[in-house]
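Visitor: Please read through the structure below; I'll follow up with questions.
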Amino acid sequence: MGLYGVVRYHLAPPFILLAFPCAVQVLAQLGQGEPLEARALLVRALGSAFAWTVVGAWVAWAWLWLRLPARTVEGPATLFGYTPVYQDNGVLYYWASLVAFFTAQALWPGLSAGLWAQMPELLGALNTTALLLCAYLRAKAKRRPEHPADRQPPRPAAYEFYCGLELHPRLLGVDVKQLTNCRIGMMGWQLLIIAFYVASVQRHGFSAATLVNLLLQSVFIAKFFWWEAGYFSTLDITLDRAGYYLCWGCLVWVPCLYTYSSYFLVAHPPSLGAWGAAGAAALGMAGILLNYRVDLERQLFRAAPRGQCSLWGRPASFLVVSYRDAAGAPRQSRLLTSGCWGVARHLNYTFELVGALAWCLPGLGLGPWPFLYFFFLVVLLVHRTFRDEEKCAEKYGAGWEEYCKLVPYRLVPFVF
């Protein structure tokens, strides 16, 4: 197996399974400026009546919107012949959730302050919920798999728990990954940063920097729901399986780390002035809009018959590559080599990093804590770049090598 195999399959998964649930509790405590005391961390990690009520109501709300009658959209077909179907009501769900939250805030003016104050308890409740879900998904995959043809080679139990076993499991009539990733994780991110902004204003009054922090993230998240159907073609859905990495990550890590710049500013008001906030806003909007532009070009290309569309005022160019499906039948794909996708192979990640840096800038001068999400995102997206390219090289072989010659840069033209 070698050292790499030992670390990958036997050492890393148990460490991550133990370390990260503890890390979120520590980060929540630090973000409130509270001392790290072991007993307080343990007690708060158990949750509270308020925290469990919020988590239960939120999960029920998210599940309900996936059960309501709505238009559906299909994701990419799998190699084992399954075509997943998703609810296509993300935009309506986004706005309905905002209305519900502001209605609750009007009825209970202390709601936002309570969410911030009990964030460690909320993360504790989410931790327990996510771990139980991951345990159920592994047991279900072992005993009653959704798609028996989708079999993975046996691995150590901790590794299976971490990576997950099924690609498209369903629970209570809904797609698990659409529930955890989109409807709970992404919308939870949106509502929590609104709550943190309200709590900050109640504590310190208006700040242009905290407003920019909120608005940039909100634009990014609203863009996600506008583009949700496109998300179903990304690695999260087509490659990653429903396990700890994905489901726990969206249920716990997203509410903790992705909101952290907003969460930290409640107890540590920003010193960035109005002009600095305006600069951060301009940088962030440029990054978010360009990120959307890159993704839009890919969607237009995929939707066009035989890739015959126009990008940057000229016909799109592409490379036809061959591969074989799970049954060994020959197939072909078109890899886009013009527009933004002719500049770099993952330029969407580059602009996502620009946007993330911008909404962390209001924490400038407060140490590294407001920038934790940006640092994490750099690691995540660079790692994802290599994972994506490893999958493509395995799938397309010599065709992928030729594509890399046509588009030689990964993230930053002339640099990387």
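Positions of Cβ are set from backbone N, Cα and C atoms, glycine also.
Bear in mind that TrEMBL entries carry predicted annotations, made automatically and left uncurated.
TrEMBL feature annotations, pasted as is:
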| type | residues | note |
| --- | --- | --- |
| TRANSMEM | 12-30 | transmembrane segment |
| TRANSMEM | 42-66 | transmembrane segment |
| TRANSMEM | 92-110 | transmembrane segment |
| TRANSMEM | 122-139 | transmembrane segment |
| TRANSMEM | 178-199 | transmembrane segment |
| TRANSMEM | 206-227 | transmembrane segment |
| TRANSMEM | 242-260 | transmembrane segment |
| TRANSMEM | 272-292 | transmembrane segment |
| TRANSMEM | 356-382 | transmembrane segment |
Visitor: Determine which residues of the chain contact the transmembrane segment (206-227) at the Cβ level, with the cut-off under 8 Å and only residues 6 or more beyond its ends counted.
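Guide: Distant Cβ neighbours of the transmembrane segment (206-227) are 90-91, 93-94, 182, 186-187, 189-190, 193-194, 197, 200, 261-262, 265, 269-270, 272-274, 276-278, 280-281, 284-285, 288, 291-292, 295, 299, 355, 358-360, 362-363.
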Visitor: Determine which recorded stretch among 42-66, 242-260, 272-292 has the most C-beta pairs below 8 angstroms with the transmembrane segment (92-110).
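Guide: Ranked by Cβ pairs under 8 Å, first place goes to 42-66.
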Visitor: Take a look at 12-30, 42-66, 178-199 and tell me which one has the most Cβ pairs under 8 Å to the transmembrane segment (122-139).
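Guide: It is 42-66, which has the most Cβ pairs under 8 Å.
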Visitor: Count the CB pairs under 8 A between the transmembrane segment (242-260) and each of 12-30, 42-66, 178-199, 356-382, then give me the winner.
Guide: 178-199
Visitor: Can you tell me which recorded stretch out of 12-30, 178-199, 356-382 has the most Cβ pairs within less than 8 Å of the transmembrane segment (42-66)?
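Guide: So the stretch in question is 178-199.
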